[in-house]
């Protein structure tokens, strides 16, 4: 539009000035009387001149004007367009033609020139524009907050932007010309190389990857690289890489991953699975651990029904009810149930859930299911440990109590005390009630002993008394107690134990009776042996008695009227032992000699007697069988002696058991200590485990370690209990090959605390690789415990030297293994050395004097011997020798 | 104030390890000794802020150790732990100046509370 207006202006100007010029020229020609042709020439010149200005239309109009002027002014008659002179016509035509052609030509030339100018100007503008644009792109390349790299085929950096170089702590020049691998971690270089290769193989395609880069200062940043290879001008491929710093994102991502891993591991460690349950949509989420607890494939779609399916049949109804209730009434729930898993195992589960409202307003349960099987087992084990302790008291018939002297009431009494006195548990017991249960003969002495103890503030005092039972029976109690002094210096409390020694007394009585019986029977045997002698007899071919030596009837040994009877009619045990008699008669039928046939019959007084007889057949000269001749002996005393001895052995075994259980009672505090130690460790480790898991960053390996220790200590506690139970067991004697050192080690485990409490140092000199002996482990343990406890007690008074107890094992060349227990205590008085192993010998106020004698019986029953060793220096040394296990002796 | 150093003296290896574990889980620095004699030989005796010791130990008991420490002029607080408690022992331990007397097995938090009280007193009272 603008152009059109300016063109029009120009044409108007051209036409106006052209017309004025033509008018001036015309006027001038009138003055000068110029010829028509000359005038035409002048007009032409003017028109051509003005056509230079540009507008063809204006030039054309000027030409028409000029022709009109020519025709009017210079061609007569005036004001006629008719050309009379034929000569003038060609001039007019030529004029018109030349003026039009000339004008046109000039216009063209001018247009072309202008086009050329325009093109040149455009070229100039284009160049400037290009330069400007390059500058702008370079600025973008340089300062865009992304790192750009250009690499050649070999991975050499062709170019890098300043931003990129700066981010990595380099100047551009330091990177250009270097291999790009230098800014990657050693272990990532192969990966980067591969990525670049992929780009080069796939020109034009862009690829993305995440990788770490190292700065010049060694720090690392995560980048996401976007790369593409393209062909460069000379057809050489180059790789363009743009990278974005994603360190922060990556860090968050890794932190998230780590916290997820922590959570998963914490769930795994604590055996806690988590779950979510949207009741409205039925959507269920289970954590990995949840699947593991329920032993389900993580690919399974979780559902509340799966829980019911896995639940133990006994708990199914309650679990279903919880689920149903949760659907009806969306409130927090918590419950415990058992699972019965496909492998047959049973797990205890504790589940808790909280009802929350989701963004859409639905109710969603979010909860956790914990496998508490281990905790349940530990709980059970702890309960069992407590039960074992109570059992130990029950087994050893030892009750413990504490009596408050001010309130005259029990501060504490164990269940066994109630049982001993026949009190109801929880019953309030007045001092009168207690006194009424004590045997009246024992009451004054008991009160006297207590009074003295309270006055003298005695550390330890002992007394024996009897309890009258409701059924009229008597229970014998041995009590050990000490006083507790309060802060005011007065005795405030008595603490002690009551041990039921009724059985011990009974066993002792039985033993005394049996010993008396044995002594009597020995005497009788001796008497008979001195007076009785063998007698002779003869039987005929039909085995009937034909002859008896005279003195048997005189001594009253045999019943009268035996003549003519066969032996099986004389004997009284034919029906009891048919096999013995069948064999005997077979021997007689075969006419073979026989030896030491023992049978029972009656003497003249009708009392049963035992007869041992031997005989041989006799024949006549022709070899015809005539009968038997032989000798018989009355062995009644001998047989009776054997029976007594068997009873004695049984009584001794019983006493050994009672003594053993008594020893256990004495060890009760030590045993409680041995169990309390691992229990303390278990609780501390469990607390520590909670501590490790409760840290901001849970230390799972420390937590795991704590749990492993808990298991070890629980095993340790149960070992102690096993040893106690073994000792308390009243079982058959079991003779098995044993290493005496093992027996010693078991004993040390039981008495270790006793040694510490009495400040005794134990030294063991055990000879390695001793040959086995044949013995009963429990009985030998009892012997060693007894010797050790005696040693400990003997050193109680020692204050001027180290209390040292030495246990030594060795082997001699006569086929015996020795075990020696040596103390450095008060020793044994010269007079007592020979008696110390005898029954009822004791130097202790409370002792029964059975310990060492039981030890001797046990050792002798093992075909060994127990002896007191003479030693240099203070103290005593006991040794027992046991023969090697025969099967092992070559 | 730097983290206090706690010394545990117990002849029972597993109790020793468990007590150390418990302390460490709560962020204390702990050193352990199998006997009172070992502890007295420790080069870091003076740095100890609190002693947790068993009572019944062979040769030198916990009470002996406390007496020896006091004789040497150490006012460091003592907490006794024992698996063989009775009132007489408790009284003599407290009379001798122990700040705590715990019967094994004890709950972890009981020991920690006792320890915190001991450390507080140590901080307030300083060494005598």
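Backbone N, Cα and C atoms are what each Cβ position is placed from, and that goes for glycine too.
Taken verbatim from TrEMBL:
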- A:133-203: domain 'PAS' (DOMAIN)
- A:207-258: domain 'PAC' (DOMAIN)
- A:259-330: domain 'PAS' (DOMAIN)
- A:333-384: domain 'PAC' (DOMAIN)
- A:385-457: domain 'PAS' (DOMAIN)
- A:461-513: domain 'PAC' (DOMAIN)
- A:595-647: domain 'PAC' (DOMAIN)
- A:670-886: domain 'Histidine kinase' (DOMAIN)
- A:12-32: transmembrane segment (TRANSMEM)
- A:44-75: transmembrane segment (TRANSMEM)
- A:87-107: transmembrane segment (TRANSMEM)
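Segment contact is absent for the domain 'PAS' (A:385-457) and the domain 'PAS' (A:133-203), given fewer than three CB pairs below 8 angstroms at sequence separation of 6 or more. Across the domain 'PAC' (A:333-384), the DSSP tally of helix, strand and coil residues reads 12 helix, 29 strand, 11 coil. In the predicted structure, the domain 'PAS' (A:259-330) carries a mean pLDDT of 86. Across the domain 'PAS' (A:259-330), DSSP assigns 40 helix, 11 strand, 21 coil. Mapped onto DSSP helix, strand and coil, the domain 'PAS' (A:385-457) counts 39 helix, 13 strand, 21 coil. Here the domain 'PAC' (A:461-513) is broken down by DSSP into helix, strand and coil counts: 12 helix, 30 strand, 11 coil.
Tertiary neighbourhood of the transmembrane segment (A:87-107): same-chain residues 36-37, 40, 43-44, 47-48, 51-52, 54, 56, 59-60, 63, 66-67, 70-71, 75, selected by CB-CB distance under 8 Å and a gap of 6+ residues from either end. Mapped onto DSSP helix, strand and coil, the domain 'PAC' (A:207-258) counts 12 helix, 29 strand, 11 coil. Per DSSP, the secondary structure of the domain 'PAC' (A:595-647) breaks down as 12 helix, 30 strand, 11 coil. Counting residue by residue with DSSP, the domain 'PAS' (A:133-203) contains 41 helix, 12 strand, 18 coil.
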